């Protein structure tokens with residue numbers, strides 16, 4: 001393969017192969033080899049210049065269509081909010097439930113965006129975390145034109161306008177949020193759990209569930225040590241790592257879970273677990289013996305964010321839809337279905353009114369929602385909630401091994 | 001024409017494998033020798049140390065995977081051979097029906113199967129909950145989140161891939177050959193050991209190949225059924241690739257895994273004397 | 001299928017045969033046991049989004065089977081892909097199996113190695129590297145790329161199964177047919193194919209099961225085409241709708257019906 005490192009050869013291979021298009025098979029092989037030879041190009045993105053953002057948006061026009069890629073069950077089955085958008089704006093939509101996991105979605109999107117091609121989606125929803133950070137760092141997101149987001153400006157809660165991972169909402173605006181705290185099964189745990197120490201309590205040996213995600217578990221290790229994850233240092237990570245390792249070695253942890261923790265805790269396989277608020281709330285509504293608390297030491301809040309990926313065909317239409325979802329009535333309709341934390345605080349009053357008018361089962365469910373700190377955290381609740389640490393690439397290379405060596409031993 | 005036959009037969013598959021397997025693997029081989037990170041980019045530095053580093057960090061998980069894969073393969077062989085044997089010799093005209101039934105659960109998505117298993121095997125679920133209620137099991141007994149669950153899951157999920165090739169090989173064994181052995185006063189065991197077993201070895205070889213290899217590389221069972229300390233190499237590759245975007249390490253680990261498996265299969269083929277067995281069977 | 005006849009004389013071990021018969025059924029039941037749970041929860045009158053605890057009997061989900069249009073499309077996509085990739089794989093895999101099992105030719109070792117490599121490539125790596133390939137070749141990801149990928153990972157399974165069969169066949173049968181004046185094609189159709197058919201059928205079933213069950217590789221090369229497993233995995237996050245159980249039940253039910261019909265037909269033929 002020595003000729004692969006001849007620069008002239010490389011140039012030849014990496015230039016557009018228009019003449020070879022006729023030989024698709026040959027083209028495929030050549031492309032693969034070119035890929036092998038030149039490695040993966042870095043694409044570190046500089047912060048956007050105001051002029052460039054303006055230029056970009058001034059060249060865009062409304063196309064009358066939009067493709068929205070979201071997580072499953074994040075939209076009522078009748079898609080009423082989207083239908084309303086269509087009838088009000090004349091923009092036709094395609095709604096695709098194609099995102100199942102941030103890491104996997106990024107793994108699929110990365111080669112496409114790296115090659116400068118379009119994902120085929122105009123709006124994508126991603127959780128704040130490593131992958132979203134990579135999307136931003138690699139310049140895969142279109143900087144938003146906030147002059148076209150009046151509803152967001154008017155209706156979004158303050159905390160949702162200023163997020164550490166995307167200051168000034170340059171690239172993203174929230175779709176919905178959720179809280180990471182502790183869930184426990186009331187059939188097996190008779191005490192009221194209030195402290196994060198319950199997760200480290202030998203009393204629950206083999207009955208504790210922790211999350212496998214490095215960020216999530218690191219946060220809880222640090223909160224247990226009284227460290228604010230947002231302001232943590234490398235030394236804090238190491239200490240948290242030691243605490244979590246001791247917890248594992250003592251046999252307290254049964255397993256490092258993905259979302260399957262919720263089944264495990266509601267069935268009683270585990271009794272106490274790190275948990276996401278919406279999951280637990282849905283189980284409660286179903287009458288299962290699970291309870292959710294934000295530990296007194298603190299919990300974390302995460303957000304699923306809407307963004308426009310680079311190369312999107314219909315950015316103007318996408319921006320209109322993103323803003324449309326910030327109309328309080330629309331946000332209320334969404335939240336009633338999603339049952340996580342909405343970024344629009346006005347929703348609580350709307351649901352309250354709706355509950356007053358409703359009857360029977362609906363009324364009961366709506367009242368439960370309005371009163372739930374899992375859907376509408378109070379000021380005091382918010383004060384206890386931390387966000388994920390924002391890591392540089394270099395920090396990531398230290399951070400990940402510390403916690404992965406615990407969850408993946 | 002006759003000389004060309006094998007080449008013509010192999011041509012479509014060659015093309016498929018060359019374009020869609022060899023080319024991407026060449027790319028992967030190159031990536032495995034690069035250094036850098038996803039944000040600033042990777043550059044070719046011929047760092048063979050990627051392999052040493054990866055192996056040094058993850059040898060535990062690699063060895064564990066081979067061990068789990070091996071255990072599951074033995075379990076599959078022991079469980080599956082009698083089934084294949086009975087269907088091949090006593091299945092009568094309903095052979096394909098039995099095979100179909102064995103495979104049918106696999107037409108329903110693995111997600112549904114896994115969730116159902118979780119339901120059945122829950123600590124206080126229909127099975128163990130009942131047994132515990134009767135006092136037959138201690139209260140803290142559990143199968144989920146243990147090594148047994150992972151190896152059991154692998155065994156369950158790949159069992160048909162063991163049964164089918166063994167069946168395929170056994171099915172062509174002429175029952176009259178077996179009867180001839182009986183006529184020569186061979187015992188049932190002797191007839192099996194001297195006649196049936198050697199004739200089925202190509203099937204056993206294929207079965208082991210088709211189960212041991214994917215079982216060792218599988219990330220799903222460990223993730224769904226395992227607990228702390230059950231992580232397999234497939235999970236590590238997944239994390240390195242998708243979460244850490246550490247493409248060189250992920251590629252190096254993949255190649256290491258493939259190489260180890262290749263060597264393992266080669267030793268196994270030698271030990272079994274497969275080629276000789278095949279020659280004998282063909283005569 | 002000369003060897004397919006059952007034993008006419010059973011000298012010893014009738015008991016052993018019965019035991020093995022019962023054992024085979026036990027294994028079938030074991031493999032199918034999770035399906036029972038799946039079927040049950042297709043009748044669950046669940047109130048919330050999660051479908052994990054029993055809340056009463058209903059036929060609602062059967063009436064609303066096709067209400068979730070994306071799910072219906074996903075199932076159709078899966079079936080299309082599975083049928084197409086199985087057909088392709090069976091044809092080219094059988095050809096390769098014949099070549100490897102029957103002929104000695106240059107490149108046989110390399111081919112064996114490639115067949116092995118295709119099985120041993122971790123799914124994730126195969127998916128990711130195929131995606132890179134398709135992207136750099138500017139090939140849009142859709143059902144076609146899914147089929148390409150599925151053929152790639154099931155090819156080895158068909159090849160190995162057929163090869164295991166071919167290797168144990170007696171080449172003199174074909175020579176005899178040739179000597180009796182049969183053409184090459186005639187020999188293949190009348191002698192070789194019937195003899196390897198059990199291997200081909202088994203390989204085909206494996207390929208179909210692999211295709212309809214695949215998640216990892218598909219998730220890389222699907223573009224915006226969603227298959228059944230992909231859709232289900234997605235809905236795990238917030239609770240799988242019972243329609244999924246119903247569809248699974250129907251797939252299983254149709255399978256059982258085919259098996260029963262097949263068995264009945266076989267019995268008719270015999271009597």
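The backbone N, Cα and C atoms fix where each Cβ goes, and this holds for glycine too.
The structure displayed is predicted, hence computed values, not measured ones.
Between the listed ranges C:79-101, C:171-193, TrEMBL ties the annotation transmembrane segment to C:79-101.
When the ranges C:113-137, C:213-237 are checked against TrEMBL, the one recorded as transmembrane segment is C:113-137. Cβ atoms under 8 Å from those of the transmembrane segment (C:79-101) belong to residues 108, 111-112, 115, 143, 146-147, 150-151, 154-167, 169, 192, 196, 199-200, 203-204, 207-208, 211-212, 227 of the same chain, restricted to positions at least 6 beyond its ends. When Cβ-Cβ distances below 8 Å are used as the criterion, the transmembrane segment (C:20-43) is approached by residues 51-52, 54, 57-59, 61-62, 242, 245-246, 248-249, 252 of the same chain, each at least six residues removed from its ends.
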